[in-house]
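A short write-up of the structure that comes next.
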Amino acid sequence: MATSESERRHPGPQNPDHEMFQVKGENRRDNEASNHLAELVTSYLLTYTGFLVVYAKFGDVFGRKSMFLLALALFTLFSILCGATNDVVELIIFRAFQGMGASGIYSMIMVITPNLVPQEKYGKYLAIIASVFAISSILGPILGGVISTNSAWRWIFLLNGPAGCVCIGIVAFCLPSSISSRPDVKFTNHLRAKVSKSALKRVDIIGVLLLLASSILLIFALEEAGTRYSWSDAVIIATFSLAGITGILFTFWELFLEKSTSLQEPVFPLRLLKNRVLAAMMATAFFTGFPFVAIVVNIPQRAQAVSGLSSVKAGLALLPLLLTSPLATAASGILTSNFKVPPYYLITLGSVLQVIGVGLTCMLPTNSFEVSPQQYGYEAIMGLGFGLSLTTILTLAPLVIKDPDLGVTMGALTQLDNRKQPSASKIAIPNQSLSASGHLGFPLRYRQLDTCPTDYSTDSVRRRL
């Protein structure tokens, strides 16, 4: 069960993202859930990744505060249920609903923020929010390792209960809503309007189902190919094919809705991609966030599996990156808001630093079992690059797109960036590349096989080596 808890990583208010990779080493024999690592990871990632854009669009239809509260309630409730269950199947199901709630928390924070603060101060406040996420990324792996080592795994889930209830209360009473400026409107009438037939007619149900199907099928195929199933297995081929078909159908359906007179609103208006600046921002967000997620996940894994570090020390191996990233994030907000530095220059500088840091990290020797001292310096360079570029992209969004498309635009950028909570594709693709190579690049010590983050038993791994 260590695996499950550790993955709790993606909550909204904090980011225990990487705890899954810190926890599983010590506790993988605590329960049969250790045999279901893939399901525990995938169930969370499927719903988390699939609902980011959906929440953003539903916020336009049903109200952003309402969707934010719903997401918080889902995450809090199913975190408690994850900690209370004794059944692995139930845990997998609860993890899926927990991911659904976490998806809405992160998405709605990014969607709501531009409407709460003046445009000239948006960069500063976004930097504050991003810094909070980054700080939680620092504490998440460390606290996850400490809790899993010294206490029951359930507390990693159960601690979300009180925190979630506090967040629900703060949002319910402090976050303004559309009714706040209209004292003549009764709350009951306001609530009834949110779920009226006219509101439901605006929902692009077919588009939502096609988007979810395409995302979930693609993520499932990337997660399972090369592990449970071979790449040539009929299950993987069929899943990839269905993902492509549903993706194409989604594209044509959204184009049809844009040209029709239907009351339904496309879940993602494809006309936005005609804006070259926005299209470039989305591409930059994806290709910049991709290495961030891969590095944040794989460095602790390697530190624990290859270097034999404890879960706490494996989390500390990321400290230089996770310290410099929020500093660069705060700097980008100040530079864009106070000093009016064009975002283009910050994104370019961040991308250059990222390439340098990632390139140097890839050149580290692979025949050593120890963590190289140079790695920490390279992590600092990467952190500066990630912090400058990724947050600046979100700062630029309100300048490029205005309401009523700003919400869904922020949701899309959030899904493509998605560095606060690792998305499935950004984890699965690098891991599949590693798996395809057939080895880790060096022989593992047998004493390290017990902590190797894999679904295979020790004897099975020995035979493969």
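Just so you know, glycine gets a Cβ as well, placed from its N, Cα and C.
Taken from TrEMBL, the feature domain 'Major facilitator superfamily (MFS) profile' applies to 1-465. The region 'Disordered' annotation in TrEMBL covers 1-20. Taken from TrEMBL, the feature transmembrane segment covers 37-56, 68-86, 92-113, 125-147, 153-175, 203-222, 234-256, 277-297, 317-337, 344-366, 378-401.
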Winner by Cβ pairs under 8 Å against the transmembrane segment (37-56), considering only 125-147, 203-222, 234-256, 317-337: 203-222
Stretch in 234-256, 344-366, 378-401 most in contact with the transmembrane segment (125-147), if contact is a CB pair under 8 A: 378-401
Sequence-remote partners of the transmembrane segment (378-401) [C-beta within less than 8 Å, at least six residues beyond its ends]: 110, 114, 119, 122-123, 126-127, 130, 134, 272, 275, 277-278, 281, 284-285, 288-289, 291-292, 295, 299, 318, 320-329, 331-333, 336, 343, 346-347, 349-358, 360-361, 364, 409-410, 413-414, 417, 419
